[in-house]
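Over in Swiss-Prot, the protein carries these features:
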- 92, 295, 338: Mn(2+) 2 binding site (BINDING)
- 92, 93: Mn(2+) 1 binding site (BINDING)
- 57-347: domain 'PPM-type phosphatase' (DOMAIN)
- 366-388: transmembrane segment (TRANSMEM)
């Protein structure tokens, strides 16, 4: 199948090797067969002295997958526009592309202004950074809601977002929704920097989302807020924010619930919020690369597998872009039904040719693939049981 350009051979996944060290993390906040769009870029040049910071090499990929439309987007601004920080973000749209289209241009600008051109990032003060980014996200969401209401009364699109500000020594991540970021040490062990904001599952983050939604007057059916949407933090989605009452009336007309049912509903807040979790990771010398992707990847590939694949690809040829495309190919081969967006930032510290070859464990790969799909279904089932209590 002509899924990627250039064509990437299908490679067996390799099991992850022993863990390394080198990072410290702080957290704040609460068809197959479709065309693919891929991009690559590099920031700077390789340092001539070991005391200098090496280059960050970037690879990005967007794959439409089985969806009729492409609602994902990748934004990459490498270089030193923000006091030496590069910016990268993935947006996962739903119910249309309007929200993503707005965010593609506006989120970076608002964050850059709130962060004082990157000066706040350089302080490494997590409280100050969190406050700035949360204000920026709130402003963007308010502006987006106004824009959606003025543009089309029927436009109820939304989008999740994971954005990172990366310098060779530090990483700042801001996140809402169900995209995910991984930070990897030289040993190849992934550390998740973000949590999924979903109204189902038995993890602490999911249970907190369920509690917040119920406190706001919402309910969850089959892992979906009001039986409609399976993500609990996002930009846009005005029917769960400024148009909640209109949503109730529309639901009665469509036969999804009754007048008696909505008479008992008392909304006390937004059911979907845009407040991001913000994390700061100081990057030690053993951190190899950063991997950022939408859930079209993570629902079908475990983080340990993704890390192992990227490391093996870079060991073979050192091409970040080809590694990015190969990772997307694996998700498509596993019948991912969603759009997929991927960003990889190689910090340029690793001599990939010196890494020993990793031996594939085909049995482990098969069982992990089955477990990944099963875990999603199990999480929805557990949340449905909790909703009935």
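Glycine is no exception: its Cβ is also placed from the backbone N, Cα and C atoms.
Shown on the structure are the features that Swiss-Prot records.
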residue : record                : Cβ within 10 Å
92      : Mn(2+) 2 binding site : 26
93      : Mn(2+) 1 binding site : 27
295     : Mn(2+) 2 binding site : 25
338     : Mn(2+) 2 binding site : 22
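Reduced to three states, the DSSP call for residue 338 (Mn(2+) 2 binding site) is coil.
Rounded to a whole number, the distance between the Cα atoms of residue 93 (Mn(2+) 1 binding site) and residue 338 (Mn(2+) 2 binding site) is 11 Å. Shown in sequence order, 72, 160, 178, 179, 294, 296, 297, 298, 299, 339, 340 are the same-chain residues outside 92, 295, 338 whose Cβ sits within 8 Å of the Cβ centre of the Mn(2+) 2 site.
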